[in-house]
Amino acid sequence: MIWSWIPANADRILDLTVEHLRLALIPVVVGLVLSVPLGWLANHYRVARAVLVPAAGVLYTIPSLTLFVVLPGILGTRILSEINIIVALTIYTVALLVRSVADALAAVPGLVVAAATAMGYRPARRFLDVELPLAVPVLVAGLRVATVSSISLVSVGALIGVGGLGEFFTEGFQLQFPTEIITGIGLIVLLALAGDAVLLLLGRVLTPWSRAGGAR
């Protein structure tokens, strides 16, 4: 490990770290937005659950590199376009979160939902003000998995020329320079741990009643 290489390449490391985060987090945000209505459908309609949950499972089994290569032909994009990575990781995020959202909403006590309905809450308001907040603990657990997965999978994109910190893997192997490889791995692990910690903290902030219950 040549430690002097890190400060000498600090600007490039920073640029690739920012690129890696952007490629990882955009799919998580878009995937979450898409997964909430799909998960709601899966929770409320048996037919929808029977279709959406298995389909999501199948999508997640597709190898990431295969998806990165196939998508340009489907989307009409260039092979080196970042859109391919973002769309592929969005698909994986949705595949992970659809079941998580459905399970999170199913975990909301029926008596609470019935009480909100009796108080005059319309379906949309009841979902936003009652069901979704109570589903946060289970939902955040699924989101943590999706975020760590997305941060990890971005690096695979380096094999087709778009991969953030994954560039250190391919370049390090080509040059037989372990310092680059170790730096890339270390930074990706740190990003994954940081993302998981932020979501864990966010989940606790959004569910103050769970902390109050634990204090008693």
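Here the Cβ of each residue, glycine as well, is placed from N, Cα and C on the backbone.
Please treat TrEMBL annotations as automatic predictions, because they have not gone through curation.
Here is what TrEMBL records for this protein:
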DOMAIN    17-200  domain 'ABC transmembrane type-1'
TRANSMEM  21-41  transmembrane segment
TRANSMEM  47-72  transmembrane segment
TRANSMEM  79-98  transmembrane segment
TRANSMEM  104-122  transmembrane segment
TRANSMEM  134-161  transmembrane segment
TRANSMEM  181-202  transmembrane segment
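The list of residues near the transmembrane segment (104-122) in space but at least 6 beyond its ends in sequence, with Cβ under 8 angstroms from a Cβ of it, reads 39-40, 43, 129-132, 134-139, 142. With a cut-off of 8 Å between Cβ atoms, the residues of this chain six or more beyond the transmembrane segment (47-72) that come close are 38, 41, 78-79, 81, 84-85, 87-88, 91-92, 94-96, 98-99, 102, 153, 156-157, 159-160.
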